[in-house]
Amino acid sequence: MKRAFLIVLDSFGIGATKDAHRFGDVGANTFGNIAKFCFLNKANNYGRKGLLYIPHLLSLGLAKVAIASSGQDLLGIQDTNNVIGSYAYSNEISSGKDTSSGHWEIAGAPVLFDWDYFSSSLNSVPKYLIQDIVDQCNLSGFLGNCHASGTDILDRFGEIHISTKKPILYTSIDSVCQIACHESIFGLKRLYNLCRSIRKIFDKRKINIARIIARPFTGFKKEHFRRTGNRRDFSMEPHKITVMEKLIGEKKGRVIAIGKISDIYAGKGISCSMYATGLVNLFNTTIQEIKNAKNNTIVFVNFVDFDSLWGHRRDVSGYAKDLEWFDYNLPKLLKLVHNEDLLIITADHGCDPTWIGTDHTRENVPILIYQRSMESKNFGYRETFSDIGQTLAKYFNLSTMSYGTSIF
């Protein structure tokens, strides 16, 4: 019986890529800098303190690939010689450092074209597009239309939105258009329908914005605004066939998507999508789906909180806390991996919480492989995340993917 479990620790980069200078990210190192701040006692909030303690991830080879990736030692990390997994680290060949690019490349469909972006920090979405959306969606207008972080935009426009019911539109250096609306006053269903309509408008005009993101929030005063777990991403469809589509098409297999995975691939190559938000719920859902998984199944999960709650908000303590929680609970998952099963833990980009700004960082990612029948081996540097997709294709005896080289 062949089952694969693909876990993405969203934004868990391990050092700048060779082209990081193009992004202003030379020196970025999500894992390394979190470890450094913990070592310096600069990450002692949320009830955690001191050195970063993640022994189970280290037992899969994390420290070894992190040092190889960055060329620097890890402060406060005591590595182990008792490595039970195999390991590698990978460069990204996609043009961007965004969620869609990283995930599509993992699945064997790197983004070698340029996304469209709303690069102007003010009046970001052009007037003609705003008018299109307003007319077709029967709106009175938008608030914002600028570059902003999710928390800042609510501080600035949340109360005005409540009184006017005008959606809040904002973007960033990523290929995204984000729409924030109050979950009850504007309505969750109405927000989703608005984002679907924007997706259709952009697609019709051949505007390659990767994701339209619905960002519902609650609260009635600035100090009480909170984004909820009901975020939805309305993505473009992958431009190339993914390994998940091959598994379904060639083996009549199943792909169980947990959390935001289905949204990232616009539902393509997904058999079943399991709704879950928050680190604990995502982990528990993953455990349950692994227990239920049959032959020729991929269980695919993204742990988004590392990125959305801690990376973008530049919160080192929160990132460290959740890494330690994940590591503490990882043995529960490892014991469910049968002899023929394949577990891969990786990331889609970096988001160094010690870095300037609030955006992703262009970084290499770890590829931690656990298979009971495999002896521990260092598979070294990989040129593309698509080596993961090619490895899965070989594992399931599928036809060869267009990109990537099987890791083993």
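Our numbering is plain: 1 for the first residue shown, then up by one each step along the chain.
Placement of Cβ uses the backbone N, Cα and C atoms for every residue, glycine included.
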Given Swiss-Prot lists D307, H312 for Mn(2+) 2, the same-site residue among H338, H360:
H360
How big is the gap, in Å, between the Cα of H349 (Mn(2+) 1 binding site) and that of H360 (Mn(2+) 2 binding site), rounded to a whole number?
7
Specify the nearest of the binding-site residues D307, H312, H360 to D10 (Mn(2+) 1 binding site), where nearness means the distance between Cα atoms.
D307
Note the Cβ centroid of D307, H312, H360, the recorded Mn(2+) 2 site, then list each other residue of that chain whose Cβ lies within 8 Å of it, in sequence.
D10, S11, S308, G311, H349, C351, T358, D359
For a quick check of packing: other C-beta atoms within 10 Å of the C-beta of H312 (Mn(2+) 2 binding site), how many?
20
